[in-house]
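Everything on this sheet refers to the single structure shown next.
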Ligand SMILES: Nc1ncnc2c1ncn2[C@@H]1O[C@H](COP(=O)(O)OP(=O)(O)OP(=O)(O)O)[C@@H](O)[C@H]1O
């Protein structure tokens, strides 16, 4: 089968993920108007900024609001010491000095500082609890959604992009809520409260406090020009680096066998170098403006001291108010800096939020299922055409073109044809991994699009030659097909699939962990486990991608036995790579360049179909090949 790793439809309706490369989206023609294809259309634009963030908060909005309230109270209480310090100054310089008042004010300061710490701690704790819940909830929602969208959703996205959304983008939201959100609320509350306080004391000094602000904002605005574009470039680079990194790790055996290093691994090293260049250019364009902004924003005293001094010596400003402005005025401008940071943080997560929403808003495949139920277990393809992408539409060549034939219930029908003929594509249409561009794929006389997806997936088992085992025990991997399977059922399925013996030899038998972080199984062993999975599922229709190469003769014999057990009493549509194994099929359908060339039994086709005769002759020749160091591959007869 071609290209991407496809998970078996093992019962839970798991759809596979196109690995490491962008595959073109399928063309229109499927129901739903917007097509099974890109679900992102028009869904992210309205969820940017704070409104997008609010939508992601879901049920945690209440907790986040409580955190915001605690943060504002912390700010309000935190302003009290400034007022007390100003009053202390007048009490100390009074004649005689009012030391009792200073003492009482000191206690108020202590109380206020304690109150601020408590409110800040409460805001942080509430924000952290909300953040962890949002993290957990978002990842679950994303995982559920990805399990429910059509396979075509993955066609225009690399695994790296989706991994980034599920891990990094969600982590950014979590970090924003936990760390930046309370700070951001404080950054808004401080200027509002301080401005009100200062204006109520002396408007001239209030203006003097913010005199440097326009210059500072101007400097920042000029350094921010073009930042949106730069950020977009950065995110695109991150996506590329992620995808190349995953590809590099997946293909590490190839990289090693060719003696390549990461440095020479084209796209990965290029995207890392471009990332470095981006950083340097960002610092160059942004650094100067930011430096000016920071210098100006911290220099409000340069205006406040002369203006305040003048007003004080001319008797227009009391000492208490002068001190109040000298301690509180700089807070106003400094809080602007925090506000800038907070806004920067909102912008930073904006792109990620939009990506999360694109996934969450993607329409489910399940939602498109109809309500009709199949009347029997036969399959029929009626004038089925299929193209993988926009680019192919309009071109003469489609992956499948007006394919029509029937797979009789309880019989074995084999798809044969040269490589690239469209066999795998056709088989994928049955469990709706892809959807026909036009025509009907029927199961039990009903178009697969018109029956509930769970009914369809309950009727069809798919065994692909590329078997994917999840991290989890042998038992858990088998229970994917039937979550409530008893131990006896699992063992029985494994015995029938000739897998029981090797499973028992594993260190922990059926409890042995498998997958990337578990025991490594041979191709043949994996194949037998996938057959056991299909046996457990016990669906009446079986779509089978016959493996091209088994590890050894013994494995091959065992797999053939397991397959015979699996096929018994079912409707079987088998993609045949070796004609010898399907010669006894009830019907063979010869596909070539996406079209049906002929159909019939092995003998009938051998008698009349030139393409079949050719395929048969090639396979007989191939079976007789041996490898030789003298010249190229040599004929067995010749070599002997
Ligand atoms: N994900 C994909 N995106 C775009 N084109 C694809 C994709 N998968 C397959 N194709 C193309 O569709 C056509 C049919 O491929 P398909 O894998 O169905 O053939 P096949 O008969 O199963 O081949 P093989 O026996 O080599 O597995 C080929 O031209 C192939 O290049």
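Cβ coordinates are placed from backbone N, Cα and C, and glycine is handled just like the others.
Keep in mind that this is a model prediction, so the values were computed, not measured.
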Of 25-44, 145-164, 205-224, 225-244, the range TrEMBL labels transmembrane segment: 205-224
The annotated transmembrane segment range in TrEMBL, which must be one of 181-199, 257-275: 181-199
Given ranges 322-341, 342-361, the stretch to which TrEMBL attaches the annotation transmembrane segment: 322-341
Across the domain 'ABC transporter' (379-618), average pLDDT on the 0 to 100 scale: 85
